[in-house]
Each structure stands twice: as structure tokens, then as C-alpha cells.
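To keep things clear, I will list the structure first and then write my remarks on it.
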Amino acid sequence: MTALTRTNPSPSSPAAGFGVGRTLRLGASRIAYETRIYFRQTDTLFFTFLFPVIMLTIFSVAFQGMGNVGANPDGTGGISQAAAYLPGMIAAGILLSGVQNLGVDIANERSDGTLKRLGGTPLPVLSYFFGKMGQVFVTSVLQIGLLLLVASVVFGVALPTDGGSWMTFAWVYVLGIATSAVLGIAISRLPRSGKSATAVIIPPILILQFISGVYLQFSLLPDWLQNVAGIFPLKWMGQGMRAVFLPESFAAVEPGGVWDLGSVAIALLVWLVAGLVVCRLTFRWIRKDS
Amino acid sequence: MTSADTAVSVEGLTKSYGAFAALKGVTFDIARGETFALLGPNGAGKSTTIEILEGYRDRTGGEARVLGVDPQHGGLEWKAKLGIVLQSSGESGNVTVREQLTEFANLYPNPRSVDEVIAAVGLEQKAGTRIKNLSGGQRRRVDVALGVVGRPELLFLDEPTTGFDPEARRAFWELIRGLKRDGTTILLTTHYLDEAAQLSDRAAVVAGGELVDIGPVHTLGPDEARVPIVRWSENGVVREQRTPDPGRVVADLFARLGEPAALEIVRPSLEDIYLELVSSYEREQEQVPA
């Protein structure tokens, strides 16, 4: 160790600002930092980033022999198993990248002292949130891109070609990922320790995937279970994505016989706002008197 | 002291957790540019005090000002003037030493050069190593580096040298002396009394949530506690005598016994004085049940 020099090369002007500009600049820098760390964690890479691709592959291969979904009695028509599973896997990816990733990640950061350390620095809480949400957005775009690539190249799923479908995709995706990220930050309060984080957060998310039409065809679930799933956002993300990727005729098996995108938008918005309120009210760098 | 000369001012500070009183009215000031050590056994209230001053904990009663601000309401601009080395590090650390320091330097308006700080803590060889792959002592040096990279006016060091080997500890002392020469105010807690003696202008001994003594390190403890002890062996029995005039006692001994066996003159070390302070506090507490 050597002594530090006294010289103070760039005395910044005192008004060099703790305003919005700084919050955004630090937020942008946090996105790069958080994203870099994300890809260094092999467990997140497997259970969050690659999970939907792996599940799509398994289901598509396993159920190939059952023929097409929604085929005519003579076996013609319908769509491949991969095409049928794709919308649900995209919705699951959105949920995992936001809720599971941030829920576990922030619970760990709270428990290992990262948040406490950050709380002692002049980092604005908002910049920290921007960093997390930016990381979720970047990694999730890559994840969905990979899913679409594998679906179309490996399993020959025909992707939509009309602008309208992709517009729907864009807003369902943006609303879905924003809601997921916010809910991830909100539920990171629940685990009491970093060790219990995965045990507390992963099981409910897994159950949600089973009842929300990710692994099991939603229209085959009993009404009461559909209604339970309808409370949570994943069902609505899945419904929105089915509207994008499935043929129009498949709307007939949806509840009410239509895609009902209006309800998708409302349900996701309600969850987004609720999540923001919970974050605003409950997020602290540390549990003050633990 | 006027408030402009005072970096930290604490008066009648109390902190209770339920029925347990962790701090029972602690009062002290730290001048700007001073290095001040808080000594005391585990659970004495050192960390509670320092964490209240860092803004991590809310006090139950009393007054506290840190750089002119109530630490319970310190904003980002206030935090930008502080450097905090917490008692425990234990971050997951999937970033390299240089990446982490760069990220933290970025948060401050007028940071030190990252390379200079890495050199100052002697981690040049490890700059590109991920923090999780460092040894405990090396991680502690990263903590110290993160605490000083923002060029703080006031540096909090909570047991900074735990896990250091003797060589690293001496090097760390040099680093602290350099910061002190630069005018940095330093509040240090430590178990190592030699460390307090080496670094601090003044020290306070805390026991059971109360300030037992305060002053320049060499004046700590009652005057009697610093009275030398003459020890010798007479007829196989170890005898000792506390005296302000050890020379005369030895001369008398020599006159009486000739060369006394196992003769020594012991001046109580800081450690002896400290232990005496703490144990006499504990004896008092037993006599007056709370």
C-alpha cells in the first residue's frame, strides 16, 4: 500500500448537480454494470435466461408424436407443438426475466450487504432501479430473440408477417416486461435471507406457469382454475402472446371466444401500477432495525 | 469548537431495541481533520454508534450532527462527502476489483483515480481479478478502497483491519496517515489497541452502551492505572508493588535482598489500561443492578 496523493485534479463545481441528469446518467451506467454481472452468473443464465428455450425444446420434441394442435379430424391443418407452445414460453420468459430474476437477485443483494453498501453512497434509488430494469429489458430482449430464433429455425414455426401482429407483440411485451420487473423488485422484500430467496420465489412462479397456460393448454383447465390464474399477470401475457402468434381461429377456445386484448392491457396496467406503489412504499436499502 | 470546526457532534445519544438499551447517552465531538477511535468489547455499542452516524440506523434519543447534517435526514450530497467501510463485506463479487472501483468512483462528484486507489491498497496484481476470488484480507482491502475512492471528507472505518496480516496492517496504517495528512476526518472502531494508539488523536472507550473514558490515547484510564508495577520473586513467592517511584523501590529491594530474583518493572500497556477500564465498568454494573 502506498500513500494517496493530495492533488485534487478536477474540483467540480458545487452545482455539478444531483439532479435528474445525474440520476439518468448513473442509471445508464448501472444498466451496463448489471447486465455484465447477469451474464457472469451461471445459475441465472440457466434458470432464467435459457429456461424457456430449454422447455420449448423439450415440449416440442416430446409431444411431436401427438401430431398437430387444433388439427382437423383427418389429421390435416392445425399448428405444430412448437408453434402452440411458443406464446406461452415467451410469456414465461418475460415473467422469469423480471419477477424471478430480480426477486432473487435483489433479495441476495439485500442479504449479502450490496444494498447496504450502495445505501451509503450517493447513488439515487431511482438510478439503481433503472439499472435493474434496464438489465431486465436487455437480457429479456436477447432471451425472446433467442426463443423466436430457435422456434423458427429449429422447429420451423412460421412467425407473423403482418405489422399489426408485431405492433400487438410490442405493446404486450413492453407492458409485460415492465410489470414483471417492477413486481420482481416488489417481491424481493419477501425472502428473509439470500439463502431462502430461490426457495421462496421460484415455487409460486412455477405453479403460476402451470395454471396460466404455459405448460398446459389454458382452455383445457377447469373454469375455476382459469379464474384463479386470471388474477395474476402471467395468464394475460400468455393470452396477449397467443393473439400474436396463433392463427385467428384459435381465439374460439379462449374464454369468451375472443383474444380480448383490452382486458390484457387493463390487467397488466393494474399490476404495473400496483407494483410501482408497493416498490415506492416498501423499498429500503436496508431493514433499518434488524 | 464551532460547528465549522466540528465534523461529528454527538450528545446524549441513545438507542433502544425494545427493552434493550444499546446506547445509554453517549456524548462526544470529533474535530475536522481529527482521527478518532471508538474502543470497546463486542456488543458495547461501537457499531450501533457508527451506524447511527452513517445514517443506517435511527437514534432513539439525543442529538447527532455529521458534517452539519442530521444523519437521519442526510441526502445524496451529504453521502457524497462520506466514505464508509462497513464491518462486514461479504458481497457476491462477480466483478473485478477495477470494475467495482470504477463503478463506485462514478458515483462521486470528485473521485480519486481508480489506479491510484488500487495501488494505495496494494492490489495492483489483483486489479483484474473478480472480488469473489480474493482472500478475506484482500477483500477487506477492496472495502477500504471503495471507502476512500470518493475522496471523502469524513471516513468511517468499522473494524477495518480484521483479517489483515501484520504487514498489511502496517501498510494500512500508512494509508490512513496519508489520508489524515490530506485533512480527512476519520472515525475508526477497532479491537486492536495498538492500532488506536498508532492512528488516533483521541479515543473513546465504550462499554455497555456508555462512554467510559475519552481523551488522547496516552491519557486514557485513571492516573493510577498508569502507575508502574515492580515485580520480583522473594523466597519463591512472586511479589509486586505499584509505585510512581520504581527506581527507589528497586534500590530499597537491592539494599534489602541484594540482586532480586525475576525483577521487572512493568508499565501498564494501553491494553492493560483498557481491560482495567472495561472490567471496572462491569464490576460497577454488577454492584448496581439496573
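Indices start at 1 and increase along the chain as displayed.
Any Cβ shown, glycine's included, is placed from N, Cα and C.
Automatic, uncurated: that is what TrEMBL annotation is.
The annotation domain 'ABC transmembrane type-2' is assigned in TrEMBL to A:43-289.
Residues of the same chain lying 6 or more positions beyond the ends of the transmembrane segment (A:45-63) and with a Cβ under 8 Å from any Cβ of it are 38-39, 80-82, 85-86, 89-90, 92-93, 96-97, 100-101, 139, 142-143, 146-147, 150-151, 154-155, 202, 215. Among the features that TrEMBL reports, transmembrane segment is placed at A:45-63 (among others).
Annotated transmembrane segment per TrEMBL: A:83-107 (among others), in sequence order.
Non-local neighbours of the transmembrane segment (A:136-159) in the same chain are 31, 35, 38-39, 48-49, 52-53, 56-57, 60, 80, 82-83, 86, 89-90, 93-94, 97-98, 101-102, 173, 177, 180-181, 184, 245; each lies 6+ residues outside the stretch with a CB under 8 Å from one of its CB atoms. What TrEMBL lists as transmembrane segment is A:136-159 (among others).
For A:165-187 (among others), the entry in TrEMBL reads transmembrane segment. Beyond the transmembrane segment (A:165-187), the same-chain residues lying 6 or more positions past its ends with a Cβ under 8 Å from any Cβ of the stretch are 91, 94-95, 97-103, 105-106, 129, 132-133, 136-137, 140, 144, 201, 233, 237, 240-241, 243-245, 261, 264-265, 268-269, 271-272, 275-276, 278-279, 282-283.
Below 8 angstroms of C-beta separation, residues 47, 55, 59, 69, 84, 88-89, 91-92, 95-96, 99-100, 103-104, 107, 187, 190-191, 225-226, 228-229, 232, 234-235, 238-239, 242, 254 of the same chain, each at least six residues beyond the ends of the transmembrane segment (A:199-218), sit close to that stretch. Among the features that TrEMBL reports, transmembrane segment is placed at A:199-218 (among others).
Sequence annotations record features per position, and here TrEMBL assigns transmembrane segment to A:264-283 (among others).
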Beyond a gap of at least 6 residues from its ends, the CB atoms lying under 8 Å from the transmembrane segment (A:264-283) belong to 125, 129, 171-172, 175-176, 178-179, 182-183, 185-186, 189, 230, 233, 236-237, 239-240, 243
